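Undergrad: Pasting a structure here, questions to come.
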């Protein structure tokens, strides 16, 4: 007699428990194959749809980040802004902000618009990867969470390309589309099951988990594992900010904060926001060609990273990425050094463009997405809000510091600026090798238990 099959979607497989299978039953089993395949596809549909809705926020993120590169010169010229005022507008995004940008007639309204969009992007940068990590089965979690960075890259690339063709005010209106899709899509996707379980909403927790895994999937084991983890955490006192420095959470906090520091201080926001001016300073007649090249490089490389993250693992990907960033910074810094010494001037533009493109490609495959993936995995749910807020604060403080100081550093020493960023890339490799655990193929509960054992 056949025992029913149990689908373990969290583990990415179907466990067949059929005993005493005789020849008369072979045809029946074969006839069930098509049904089983359709059930598996159905079980992934809601996860994929929910991820798509969530990453509309990531696309909006990228639209805002990419807005500055092709438009900064026109904005400063049209609104008569100083260098410092223009850098303050580099915050980020949301519907109110984009409309304010579109209708701006002075520096004040432009700053207000970018402030609102900046608040929106700050929320997206934390909520999107955490939501995706909490709804995804572990065999898909890395790839789906990396879609966050992919959509950021696509959003910024679209801004790079369109911004080279239309005015900066019309470009602001393109940021409305992902916001509208996001608001509409939120009406149809479930809440995070882990959050519902933590909130004590048992019935809604099971409904959401069943919806995400497919109506015919046995969610018993996964639901029990999630609830056991949350019950173990509930006996602990309510998390406070000072708890983050305790021994229990210190390793996770050090990993999360340090990865965000390294992600920013390799210089991505300075190089990304001011790409066109960097290319012009290196000797190109126009920076637009360079920004278009960046757009063409970012997307396919990020897609490759999305494929590799659950095959190669987080640690190898981020270390290879850091090595590429190091090389790109050295090449770009050397191009400016040669230009300053009036040596090999015909090679300077090629070294600068090549170095920046290597840098962007390397960042897109690892240092861009992986810190956010790891951040979404390492914190227990009882401190995830506080710890995640700290990590995002560190990330955006670093982003502001790098984008604000980039032009001043370039005025001080262009080669020195890129050599400094290369030093941070080298430190990233050492840190990841010594401190960061591999999280590939583990449930969130297994990852956090592993970190606690190593503390």
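Just so it is clear, glycine is given a Cβ too, placed from its N, Cα and C backbone atoms.
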Undergrad: Among 90-110, 195-215, indicate the range for which TrEMBL gives the feature transmembrane segment.
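TA: Matching range for transmembrane segment: 90-110.
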Undergrad: Have a look at 170-189, 230-249 and point to the one annotated transmembrane segment in TrEMBL.
TA: 170-189
Undergrad: Check each of the ranges 26-43, 116-133 against TrEMBL and return the one annotated as transmembrane segment.
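TA: So the range that TrEMBL calls transmembrane segment is 116-133.
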Undergrad: Relative to the transmembrane segment (145-164), which of 170-189, 253-275, 316-338, 386-406, 418-436 accounts for the most Cβ pairs at distances under 8 Å?
TA: 170-189
Undergrad: Counting CB pairs under 8 Å, which listed stretch among 287-309, 350-374, 418-436 touches the transmembrane segment (316-338) the most?
TA: 350-374
